[in-house]
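Student: Under the heading compositional bias 'Polar residues', TrEMBL lists 311-321. Sequence annotations record features per position, and here TrEMBL assigns domain 'Katanin p80 subunit C-terminal' to 464-622. Per TrEMBL, region 'Disordered' is recorded for 311-330, 380-429. Summarising the annotation, TrEMBL assigns repeat 'WD' to 16-58, 59-100, 101-142, 143-184, 185-226.
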Amino acid sequence: MAAAVPSGVSSRLYEFVAHSGSACCTALTKSSSRLLATGGDDCKINLWSVSNAKCIMSLSGHKSPVECIQFKESDEQLASGSQSGTLQVWDVEAAKVLRTLVGHRANITSLSFHPYGFFLASSSMDTNIKLWDVRNKGYVFRFKGHTQAVRSLAFSPDGKWLASASDDSTVKLWDLTLGKTITEFTSHSAAVNTIQFHPNEYLLASGSADRTVKLWDLEKFTMVGSLEKDTTPVRCVHFSLDGSCLFSGSTDSLRVFGWEPDRCFDVVSVGWGKVSELSVSNQQLVRSSASMVSLYAVDLKKVKMTGSAVIQGSAQQNEPSTEPKGTKGVALRRNYVRPTTTCSTQSQNWLNICYQFGFLSECFLCHTVVSLQHKAPPAAASTSEPRAELPVVAPPPAVPRSSHLPSPPSQTSAPSARGRSHIIPSSRNEPVGLNIADFLPVSDSPPNEHGFISEEDALSQITKGHQTMIAILSSRHKNLQNVRMVWARDDLKSAFKMAVSMNDFSIVVDILNIINNQTALWKLDLCTEVLPQVEKLLQSKYESYVQTGCSSLRLIMNHFWPLITDTLKATPSVGVDITREERHQRCQLCCDHLKKLSVLVKAKASQVGRNGSTFWELQLLMVPLDDTL
């Protein structure tokens with residue numbers, strides 16, 4: 001292993017042999033950048049410590065060369081794609097395969113984890129793009145439209161769109177909810193190698209073999225910039241963390257661009273060869289070629305990333321263009337709005353890496369592939385800021401900076417009122433002002449209205465709160481005992497009907513939480529009783545109630561929807577079949593309830609937080625309701 005001390009603007013830190021054969025692809029962890037993963041001809045995935053370039057783990061499972069790898073945002077999972085078209089999702093800490101996904105007919109060319117859900121997108125030389133639920137074996141949806149190999153994939157920061165770049169010189173934008181193409185950009189004259197969403201604004205960048213970088217406005221679906229400074233094909237593009245500039249990587253240089261108006265801020269000569277990915281994170285640049293992998297560093301303190309040097313014609317290589325006296329202001333456009341997350345842990349990891357290398361400035365992560373016979377396409381670089389491990393969170397709908405901005409396409413816009421609906425989370429670190437009366441059985445009599453009370457009365461009410469809660473829990477315990485007795489004496493359906501008759505949602509939720517984990521207890525006649533209650537739970541203001549209802553709905557769709565469709569589509573039999581008629585009535589009743597729930601789920605898919613992510617997954621699961629019946 002060769003090592004070099006960082007000096008100047010760019011330098012090589014390490015170079016080492018990663019595999020017994022050629023190294024086909026590399027990827028770094030996104031939140032901390034402490035691990036480097038490499039895939040090679042030996043069908044293995046090796047994990048390396050970035051601080052000392054030592055191999056700490058080797059993952060074996062593929063039967064053909066590994067040609068594409070990608071870490072999840074939280075770094076606990078790694079996806080890999082092979083030459084045979086097989087995908088594997090790995091648990092990095094446990095060093096084991098979580099899921100093997102089979103469906104592509106040719107080499108995997110790009111992978112991208114959804115920023116909020118349990119989904120993974122993959123592209124292949126077979127021109128298909130597939131969206132996988134990593135918890136299941138089959139793919140959720142297949143996107144068809146490209147005529148040649150798809151080279152790069154990227155999810156939008158809000159997780160609602162997927163962009164794809166192809167050798168057919170086009171960039172397509174897909175709506176994940178509808179499963180359709182929103183638009184197609186065709187201004188490139190050669191294969192498009194890489195795409196990248198702006199971290200905040202509705203803007204998309206693409207780099208092509210025609211030596212240009214183009215920027216696309218995702219509100220008007222028009223090109224707003226064409227940067228033509230590179231003298232070699234553009235291998236990768238990446239926005240800075242704050243989105244103020246765009247980095248472009250080609251064979252021999254790194255360029256820093258601005259847009260509206262088009263301008264080049266700086267050019268840095270870097271001998272990294274055919275670079276295939278850039279990622280801003282913690283001072284390192286990764287380069288792989290043949291059997292060697294090199295680690296580079298670029299000090300962004302020494303790189304010009306602001307200014308107004310407008311591109312005018314063909315500028316000389318390695319020389320920024322001259323600055324005009326005046327420039328046009330950047331146009332306002334819609335912003336992605338993502339949930340606020342805590343990043344103290346990632347910040348500490350970032351500092352640890354910086355101290356190990358002796359740097360305290362931003363820099364790039366980059367890997368390149370020189371071996372042409374095993375060329376790995378670029379994977380979509382991360383656009384999300386570091387975040388701590390949190391429950392899956394769905395992004396809120398994008399909102400305009402000002403009221404005069406145009407509205408987005410109707411099929412992707414989300415009603416803001418529903419997105420801001422008040423939900424009481426199930427996990428929290430402070431009181432949320434719960435109304436104790438909400439947990440008492442529903443009463444037909446109106447609540448008592450009180451006027452102003454004295455301080456003495458207020459203190460008295462506070463001291464009585466504990467006794468009130470004890471009374472509530474005692475009542476719930478008694479009701480649950482009664483339900484249990486009916487369950488043991490009769491059956492589950494009778495017990496559930498009794499729980500519903502108590503007018504206490506907490507009892508219904510307690511029972512559903514039990515049977516949701518035991519699918520063997522479910523029957524079709526139970527579904528007819530549960531679905532009306534699910535509709536009520538999905539409209540609750542308590543997150544735990546909503547999640548329980550969603551779990552029940554997911555179970556019914558997964559286990560009973562095939563039976564429902566087969567029964568309703570079956571040809572009527574000759575003669576009288578009472579059992580079949582009863583089953584047909586139950587299926588029709590379930591289908592009617594599911595149609596109502598489908599409308600409700602679509603309306604709530606734009607909510608913020610954990611509920612929004614769950615509703616979005618259910619919306620995909622309930623797509624057959626629109627197509628079949």
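A Cβ is built for glycine as well, from the same backbone N, Cα and C atoms used for every other residue.
Any TrEMBL annotation is an automated prediction that lacks curation.
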Student: Mind tallying the repeat 'WD' (16-58) by DSSP state, helix then strand then coil?
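Tutor: Going through the repeat 'WD' (16-58) residue by residue, I get 0 helix, 25 strand, 18 coil.
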Student: Summarise the repeat 'WD' (185-226) as counts of helix, strand and coil residues per DSSP.
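Tutor: Helix, strand and coil residues of the repeat 'WD' (185-226) number 0 helix, 24 strand, 18 coil.
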Student: Where DSSP helix means H, G or I and strand means E or B, what are the helix, strand and coil counts for the repeat 'WD' (143-184)?
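Tutor: Helix, strand and coil residues of the repeat 'WD' (143-184) number 0 helix, 23 strand, 19 coil.
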